[in-house]
Structures are given as structure tokens and as C-alpha cells.
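Scroll down for the structure; my scribbles are underneath it.
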Amino acid sequence: MELKRSLTSGAAGRLLVTVIMLALAIVMVIPFLWMISTSLKTPAEVFKYPIEWIPSHPTWAHHHKVWTGPKSFGTYYLNSLKISIIGMLGATFLSAFAAYGFARIEFKGRNALFMIYLSMMMVPPQVLFVPKFIMFEWAGIYNTHLALILPGLFTIFGVFMLRQFFLSIPHEISESAFLDGAGHFRIFFRLVLPLAKPALATLAIIDFSWQWNDYENALVFLIDEKLYTVPLGLQNFILENTVDYNGMMAAASAGILPMIAVFVIGQRFIIQGLTNSAVKG
Amino acid sequence: MYNNWMRRQRLLGYVFIGPSMLGVLVFFLIPAVYSFGLMFTNYKFMSPNVDFVGMDNIVRMLHDDLFYLSLRNTVIFLLAVPVSIALGFVVAVILNQKIYLKKLLRGLYFMPYITSGVAVAFVWMLLFQPKQGPINGFLRSVGIEHPPGWLSTTTSSMYAIDIIWVWFLLGYNMIIYLAALQEVSSELLEAAKIDGARPTQILRKIIWPLVSPTTFLLLITGLIMTIKTFGIIQATTQGGPGNSTTILSLYVYQNAFRYYEMGYAATISWALFAIILLITLLQWLGQKRWVHY
């Protein structure tokens with residue numbers, strides 16, 4: 001789809017449009033640039049106008065403060081990594097398992113069950129907060145990492161996404177395996193899972209980013225500061241340092257950089273996964 | 001023989017779905033039913049007296065000014081969705097042309113979406129700072145003497161949140177549109193060009209209708225996703241100043257975990273569900289009218 005002659009005729013037109021779009025893209029990422037720049041400034045330079053994009057007296061002191069001291073981001077990182085990685089692995093595996101059942105096995109009640117899954121996607125998390133709070137209190141896992149890890153093992157979106165993918169695998173593949181005497185388990189582990197590697201990677205990356213960025217659940221289910229995840233630790237740091245703007249921005253950088261790294265590495269998977277589930281789902 | 005095989009299939013089906021079903025049951029279905037029951041009680045955290053109060057919570061909600069204010073704020077919040085869809089469409093159409101640095105540009109526009117969270121909320125808080133913040137610094141430098149107070153005044157705060165939200169959603173909408181634009185057949189566009197259609201005509205009469213299912217999908221999913229969000233507001237303004245940025249989802253959270261009015265919170269959360277249900281129903285009903293497949 002190109003409107004060649006009209007918009008971008010020749011190299012000059014292409015260059016012009018590129019420059020305009022790049023300028024707008026820079027406006028989009030200005031908050032990040034300003035954040036990094038401010039985290040390296042001295043307090044007096046924070047609100048200087050015109051903005052000093054490159055600090056005249058760059059200092060790492062604010063970053064140092066975020067990472068050392070009694071409330072170091074190290075703890076928050078370890079907590080977040082633990083919760084996100086366990087959640088990601090569990091959610092990906094359990095979704096694949098269920099998606100196989102929904103896509104490749106015919107049994108009574110399957111469609112009704114799938115409708116229940118569908119309807120649960122409509123229920124806003126706010127409906128579930130209070131009952132989950134009561135249930136977790138009762139089970140003794142409120143204010144422990146289990147309160148985030150256990151629900152994190154299940155993602156309805158993941159079941160949908162992988163079901164969609166499994167449906168697209170030709171039936172001939174499993175039929176010939178059946179004739180060779182293989183059962184569903186062998187077909188799942190030996191045939192379908194290896195074929196689904198890209199889809200599994202996509203779900204894993206998207207799920208990881210959700211778990212890493214999850215602020216609302218952590219806010220409701222954790223109180224102990226040493227259990228805090230990165231979003232909650234960040235909030236805590238900023239509430240305690242409301243006048244230390246440089247420190248705030250250093251902390252914000254610490255909160256964002258891992259996701260930017262994940263994005264740079266997994267961009268292809270993330271974009272593919274989101275477009276597939278939106279366009280075909 | 002055949003019956004045996006059927007029974008085995010069914011059993012295997014449950015074995016595969018079982019673990020996930022257990023999770024859905026424990027963390028979605030039971031809490032949902034539980035919450036529905038709570039709606040008819042006066043349950044408060046730590047208080048031993050739980051009474052069945054019938055419709056009291058619903059009546060209270062219908063007379064609660066703050067509920068209506070939250071509803072109004074939610075509607076203003078939702079305005080960000082169509083705006084970000086329109087901008088996402090424009091960016092996608094341009095990025096779909098022959099230009100340089102496509103991948104880099106796509107990545108830059110998409111970046112806000114992946115870094116969602118508290119961190120960006122705090123960055124925006126400082127950018128919006130009314131007296132010294134860089135945004136108002138810029139506005140003053142171009143001659144606007146009284147720039148808005150952004151997050152600090154009751155009249156502008158919800159719109160300031162909208163700006164953050166448009167910025168956040170734009171990249172996602174762009175990515176989905178880019179995928180949809182790949183599907184638009186180039187023969188059709190060639191034919192239109194040969195017939196002498198102008199670029200704006202092609203855009204309005206051919207491309208826009210052809211991607212209408214995508215527009216519709218982005219609108220529905222965007223509205224539903226936005227309606228469930230409150231983290232960005234909790235992190236920046238906690239619903240203030242006054243209650244000018246208290247949206248429904250945040251109002252539920254506040255009732256439950258600030259005032260410990262858990263029965264009442266459950267009631268408002270079901271009002272939230274009702275809105276989502278309404279949007280979903282409109283999707284089913286209206287789809288055929290305005291979407292061209």
C-alpha cells in the first residue's frame with residue numbers, strides 16, 4: 001500500500017517525510033530523554049529553561065542513592081524478577097496446556113467452558129479485588145509474594161492467544177501421529193510445543209512485561225516494604241523524596257530501563273503477538 | 001468401543017484444561033460470585049458485623065454525588081481512546097509510505113506503551129509542574145502568558161491525564177493499524193489511482209472503510225482497557241485535586257482499601273462491569289452497521 005506519487009515522490013520527498021516523522025517521534029520520547037537528563041543534573045538545574053538537555057555538571061550521585069542505602073532498588077528488583085519470572089513460566093506453560101485442550105481435543109462441554117473463559121475477560125479486576133483480599137487473608141497468603149505469584153500463573157489472554165495458534169496447525173500432523181500410536185500428551189510435547197515456539201516466546205515476553213509493570217495488584221496485596229516490587233518501591237521512594245526531583249528521575253529511570261531492554265530484544269515478538277491477537281483474535 | 005474412545009477424549013480434555021480451569025475458578029469465578037454477594041451486605045474490613053442490607057448499597061450509589069462525578073471523570077478519561085486511535089491511524093498511514101528509518105520510528109512511537117507504569121506517571125508529574133515545569137516553560141516562551149495548571153487544577157486535571165493516556169495508547173493503535181494496512185490490496189489502490197482518485201479521496205473512501213473493523217476493535221478494546229485502569233491516576237494525583245480525577249475504577253479502590261467500605265466498593269465495581277457489558281453488547285449489535293468487512 002503506497003501512495004507513491006502523492007506523498008513521497010523521490011528521495012527528497014521521502015527524506016522530508018522521514019524528518020517530520022522523526023521530529024514527532026522525538027516529541028513522543030521526550031519524557032524519557034528529560035527523565036534521563038534530569039537524573040544526571042544538579043538540583044539547581046532541574047527546571048532551568050531553556051532546558052539543558054546535556055547537563056553541564058553531570059553527576060551519578062542520584063543513581064547511586066537509588067541503588068544503595070537502606071531502601072535499595074536491588075531488593076525491589078529481586079522481588080519483581082522472582083514474581084515476573086515464575087509467573088511468566090507458569091502462565092505460558094499452563095496456557096499452552098489449556099489451549100491444546102480447547103483447540104485439539106473434542107469433548108463435551110468444551111464450548112461452554114470456553115464461553116466462561118470468554119466472559120471472565122469482561123470482569124474488571126476491581127470486581128475481584130475485595131473477594132481476593134478476603135480469600136488471601138483467610139488462606140494466610142495476603143502480604144506475601146504468593147498473593148501475586150499464584151494468580152499470575154493464570155492468564156485468560158494467554159489461553160486465547162495460544163488456542164488461536166494451535167487451531168492453525170494442520171490436523172494432518174496430529175492424525176499421522178495418532179496412526180503411529182502417539183497419544184495427546186506425546187503430540188502436545190513432541191509436535192505442538194516445538195511448532196509453537198515463536199507463539200510461546202511472544203506470550204512469555206508480553207506476560208513478563210505485564211507482570212513487571214503490575215502496580216495495581218501489588219498495591220492491594222502487599223504491605224511489607226521488603227516485599228515491594230519495582231513499581232511499588234518506586235512509588236515509595238518518590239513519596240519519601242518529594243522535593244528531590246533528581247532522585248525521582250533517577251528512580252524512574254531504574255523502573256523503566258529493564259522494560260526498554262526487554263523491548264529492544266523482543267520487539268519482533270511483542271509486535272507480532274499483539275497484532276496477531278488483535279487482528280485474528 | 002466408540003463410547004470408550006469418547007470417554008477417554010473427554011477425560012483427556014479435562015486433564016489438559018484442568019490446571020488452568022482450577023486457576024480460573026479460584027481467582028476469577030469464585031471471587032466474581034463472592035463479590036456479587038458482597039454487593040448486598042454492609043461488609044467492612046475488620047468489623048465482625050456483616051448484615052444483609054438488600055438494595056441499600058445500590059440505592060446509596062444512585063444518590064452518591066461522588067459516584068456521578070467519578071462517572072463523569074471516567075467519560076472524560078475515555079475521550080483519550082478515540083483521539084489516540086485517530087492519531088495512531090495518521091501515524092500508521094505515514095509510516096506505511098516509502099520512508100527511511102521505518103523500524104526505528106515504529107519503535108520510538110511504540111515505546112510509551114511498553115514502559116507503562118508508575119515511572120512514566122512521575123515523569124509526567126514533573127513535566128506538567130505548573131510554575132517551573134518544562135511544558136509550561138515552553139508555552140511561556142512561545143508567548144502564552146497563562147498556561148494551564150495541568151494536574152494541579154480541578155478544571156484541567158482530567159484532561160492532563162487524557163494527554164498522558166493518548167501518549168501511552170498511540171503506539172499500540174499505530175502498530176495494529178500498520179498490520180491492517182498491510183492487508184489492503186495494492187491492486188485496488190492502483191485501480192483507484194488510474195481512475196484519477198486523489199490521495200485524500202483514496203484515504204477517505206478506500207483505506208478508512210477497509211480498516212474500519214480494526215478501528216472498531218481498537219475502540220472497543222481501548223475503551224474496556226481504559227475503564228479498568230487506575231494505576232496511572234493513583235500514582236500521579238490519587239484522584240485529586242478535590243475529586244477531579246477520581247474515576248470509577250479508582251473510586252472502587254478507595255472505597256475498599258482507604259475507607260474499608262467493602263460492600264459498597266463491590267457495588268460500584270459491578271456498575272463498572274455493567275458499563276463494560278454495555279460496550280460489549282453495543283459491539284455485537286452495532287458491528288454490522290458501521291463496519292465494512
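Quick reminder: no glycine exception, Cβ is built from N, Cα and C everywhere.
Pulled from TrEMBL:
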- A:12-36: transmembrane segment (TRANSMEM)
- A:77-266: domain 'ABC transmembrane type-1' (DOMAIN)
- A:83-102: transmembrane segment (TRANSMEM)
- A:114-134: transmembrane segment (TRANSMEM)
- A:146-166: transmembrane segment (TRANSMEM)
- A:187-206: transmembrane segment (TRANSMEM)
- A:249-271: transmembrane segment (TRANSMEM)
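Of the candidate ranges A:83-102, A:146-166, A:187-206, A:249-271, A:249-271 contributes the most Cβ pairs within a distance under 8 Å of the transmembrane segment (A:12-36). When Cβ distances are compared across the two stretches, the transmembrane segment (A:146-166) makes contact with the transmembrane segment (A:83-102), since 3 or more pairs at least 6 residues apart fall below 8 angstroms. Of the recorded ranges A:114-134, A:187-206, A:249-271, the transmembrane segment (A:83-102) has the largest number of C-beta contacts under 8 angstroms with A:187-206.
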